[in-house]
Amino acid sequence: MILLILVQLYIVPVILRNLGVADYGLYNVIAGVVTMFSFLGGSLSSGIQRFMSFAIGKNDKELLNTTFGVTASIFIVFSFVTFLLLESFGSWFVNCGMNIPAERIVAANWVFQFSVLSFIVNLVTIPYNSAIIAHERMSIYAYASIFDGVLKFLLAISLSFFSFDKLIYYAGFIVVISVSICLFYIYYCKRNFEECRDIKLTWNPEIGRKLLFYSGWNVVGVLANIGRGQGLNIVMNLFFGTLLNAAHAIALQINGVVSQFISNIYMATRPPITKLYAQGDIGGMWNLIFRSAKITFYLLMILSIPAIIEIETVLSLWLRDVPEYTSNIVVLMLMMTLIETLVNQLISAFQAANRIKRYQQYSSTIILLCVPLSFVVLKFWKMNPMIPYVISIALSFFYVLSIVVVAKMELNMSMKKFLHSVLIRNVIVFVIVFVLVRVLSDLLDASFGRVVVTFLLTLLSSAIMIWIVGLDGVEKAYVSNQISKVITNIKNNRIHEKS
């Protein structure tokens, strides 16, 4: 994982240098238009994972096979409809609704068509991704990520030797990567999962209705998150042009790299949470949710604090030409992600219980509000371009409140236990670690050495504060037991080597 992150951090400045700031921003805003249509696919993916995990938890193979067959039928129809929507509305918006320089319109259309093709290929991959997650074969994602990282590394390097329009070449190579990853997932699933071998396209009214109802409400949440990310990207394009899109894209890259660790934890814990619910072990489900919520926050905190404190130095070392406002956008995005991570793991409980309607109504409305609010503020008071991100952070606090309140109302979550076990502990640990590291790092002059020292200080102070404040008695006992096992194994190995 660390190696892949280093590769990702390496290829971004290489691509930015070869494409140029304007073309890099242009690619991301056009790809964002296509990504906005992924809300249905993303919501269906979550639904498939939920119902397949539920069937596995019930040990019902017939239900599992039928569920996969129904989802395959749905995706055939969905892919066709989405393609028509993209080629009509999306194509019109790229040519008539966006702020694109006249000399790059042809390249923009090539990028759009390649992005549509990549999107359709990724849709085909979704049912197979869901099967892998439901069966908890998370190691397969490691292999796929390595493969993906190698291909993107080759893409970044090859840009320097390509004489044709590099933006078009870049978009076309992304299609090749998408197809390669898709074939990898299909091959693995057909070899390892019975329900994926001989797919029977079918329609079961009961399963289809439940899946579409679940996915229908999940659409709201997925649309809100996509709308916030890509909607803000389009708002920035309309008011400030492609240079701000480049800054936004770089900030998204950094936020995505940092968030990648916790997304893997979400992916790994979602199936067992659903299975515990299916088996009736509600207490075990909440224990897993609370503990994984703390793990995800602490991990994100350890990665985010050095990035927030040293962002100017990191960007200057990482990129030759740093687009204006990039550092501010990165800091604000990381803060927003940290705030929302406090409660994001609770969403797994709503999904497991299939009680997503009310939480989606409240949380998604709050998330999506940032786009119209930002547009109105910039339309009538064309102020600092950081205003949309400040609005997003303010709304994140209301998002946290809405998730906690609805979890209490819908799932009878113990508010006291969540506040004491997760929320208060996480906030205290973050505040102490951030202030301590900030004060100590300010004693040194800005340099690469200070970046390293800041990270080590964050790691050390986080470990101490997590142990003192962040963990409860049961968790401390578990950690102590695991450390004892590791030490015992090391001693036994040394004894074995001597003998």
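Each residue's number is its place along the chain shown, starting with 1.
Just so it is clear, glycine is given a Cβ too, placed from its N, Cα and C backbone atoms.
Given the structure is predicted, the values throughout are model-derived calculations rather than measurements.
According to TrEMBL, the protein has these features:
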- 26-51: transmembrane segment (TRANSMEM)
- 63-86: transmembrane segment (TRANSMEM)
- 106-128: transmembrane segment (TRANSMEM)
- 140-162: transmembrane segment (TRANSMEM)
- 168-190: transmembrane segment (TRANSMEM)
- 295-319: transmembrane segment (TRANSMEM)
- 325-350: transmembrane segment (TRANSMEM)
- 362-381: transmembrane segment (TRANSMEM)
- 387-406: transmembrane segment (TRANSMEM)
- 418-440: transmembrane segment (TRANSMEM)
- 452-471: transmembrane segment (TRANSMEM)
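Three or more CB pairs closer than 8 A are found between the transmembrane segment (362-381) and the transmembrane segment (387-406), so contact between the two stretches is assigned (pairs 6 or more residues apart). Residues 244, 247-248, 250-252, 254-255, 258-259, 262, 266, 269-270, 273-274, 277, 285-286, 289-290, 292-293, 296-297, 300-301, 304, 307-308, 311-312, 315, 356, 359, 385-386, 389-390, 392-393, 396-397, 399-400, 403-404, 406-407, 410-411, 413, 418, 422-423, 426-427, 430 of the same chain, all 6+ positions outside the transmembrane segment (325-350), place their C-beta atoms under 8 angstroms from a C-beta of that stretch. When Cβ-Cβ distances below 8 Å are used as the criterion, the transmembrane segment (63-86) is approached by residues 34, 37, 40-41, 44, 48, 51-52, 55-56, 116, 119-120, 123-124, 126-127, 130-131, 194-196, 199-204, 207-208, 211-212 of the same chain, each at least six residues removed from its ends. Using a cut-off of 8 Å between Cβ atoms, the transmembrane segment (168-190) and the transmembrane segment (418-440) share fewer than three residue pairs, counting only pairs 6 or more apart in sequence.
Tertiary neighbourhood of the transmembrane segment (106-128): same-chain residues 23, 26-27, 30-31, 33-35, 37-38, 41, 44-45, 48, 68, 71-72, 75, 78-79, 82-83, 86-87, 90-91, 94-95, 98, 100, 165, 167-168, 171-172, 174-175, 178-179, 181-182, 185-186, 188-189, 196, selected by CB-CB distance under 8 Å and a gap of 6+ residues from either end.
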